Amino acid sequence: MGRCGAALCLALEGNIAVGKSTFLKLLGATFPEWHLVTEPVAQWQKVPAGGTAEASVGSANLLQMMYQEPARWSYTFQTFSCLSRLKAMLELPPERFPGTPHPVRVFERSIYSDRYVFAKNLFEAGHLQPLEWAIYQDWHGFLLRQLGPRAALHGFLYLRAMPRTCLERLRRRARSEEGGIQLGYLQQLHGQHERWLVEKTTEVHFADVKHAPVLVLDVDKDFEHDAAAQGVLMAQVEAFATALRAQTLPSCPNPL
Ligand SMILES: Nc1ncnc2c1ncn2[C@@H]1O[C@H](COP(=O)(O)OP(=O)(O)O)[C@@H](O)[C@H]1O
Ligand SMILES: Nc1nc2c(ncn2[C@H]2C[C@H](O)[C@@H](COP(=O)(O)O)O2)c(=O)[nH]1
């Protein structure tokens with residue numbers, strides 16, 4: 001933030017179609033100096049499918065493959081999604097003006113929800129084999145330990161709504177790959193988020209992240225078309241970021 005060069009790093013977490021992208025746009029309009037990183041869904045829908053150096057054989061929609069044949073493609077999906085999130089996190093943000101980095105960076109989901117929500121859920125649902133889950137956890141833990149503070153987050157913004165609300169929003173959005181998603185899957189993911197971020201009963205293997213503060217934001221009601229509700233949510237985020245900055249980056253006193 002400001003001249004000290006350190007940004008406060010937050011992840012925006014929540015169920016499928018809860019409203020993360022919509023919320024991220026609102027953050028962008030409210031805090032134009034923040035750096036916002038969207039989830040790389042488009043990359044998952046169009047994975048270069050190889051071929052030779054001379055000729056590519058096109059691309060694969062890994063998101064669709066994972067939903068159509070989860071037992072076959074879940075492990076591949078989780079390696080690719082986690083790698084794409086890690087690349088986005090490690091990529092240097094563009095400087096706002098020379099010498100003035102962004103005060104806050106917000107990532108839509110994270111390498112932590114990749115593991116403690118999605119991969120964990122796929123394992124518990126039987127779509128990741130015990131061996132695949134063990135291998136995933138091995139490289140995930142190794143990589144993140146090697147990266148140390150570069151892979152750490154200071155806090156989480158958790159958008160929370162009832163799974164039924166998410167299903168309604170998901171149907172309204174009508175992303176073609178998600179046509180087969182049922183309420184039960186959103187209930188499972190809701191439970192994973194709650195155990196990880198609220199109840200804290202999920203075993204988390206990284207001390208910083210385990211103790212990172214969580215701001216729970218209730219988005220069950222429509223905030224998209226309600227300026228007053230938007231104002232309340234943005235004020236909550238600003239207060240959270242300000243307090244977190246004072247706590248975690250005390251040597252960088254610049255205001256947000
Ligand atoms: N608070 C809200 N109330 C009503 N509809 C919403 C709200 N937030 C998002 N939506 C709508 O729900 C759908 C999914 O939102 P989106 O932001 O794409 O979710 P996510 O990024 O979490 O998957 C979109 O059609 C969006 O317009
Ligand atoms: N199996 C996994 N699926 C994931 C993961 N991260 C996102 N997703 C899916 C869920 C949605 O269908 C789509 C985009 O998510 P939004 O909530 O942003 O709409 O991708 C994951 O790690 N594993």
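Using N, Cα and C of the backbone, Cβ positions are placed for all residues, glycine too.
TrEMBL annotations: computationally assigned, not manually curated.
Annotated substrate-binding residues in TrEMBL are Glu39, Tyr67, Arg109, Asp114, Glu178, and among Gln78, Gln129, Gln188, Gln192 the one listed with them is Gln78.
Checking the binding-site residues Arg109, Asp114, Arg172, Glu178 against ligand 1, the ones whose Cβ sits under 6 Å from it are Arg172. Glu178 (substrate binding site) is surrounded by 16 other CB atoms, counting those within 10 A of its CB over all protein chains shown. Of all Cβ atoms in the protein chains displayed, 19 besides its own lie within 10 Å of the Cβ of Ile16 (ATP binding site). Nearest Cα neighbour of Ile16 (ATP binding site) among the listed binding-site residues (Glu39, Tyr67, Gln78, Glu178): Glu178. A Cβ distance below 6 Å to any atom of ligand 2 is met by none of the binding-site residues Gly14, Val18, Thr22, Leu170, Arg172. Comparing Cα positions, Tyr67 (substrate binding site) lies closest to Leu170 out of the recorded positions Val18, Thr22, Glu108, Leu170, Arg172.
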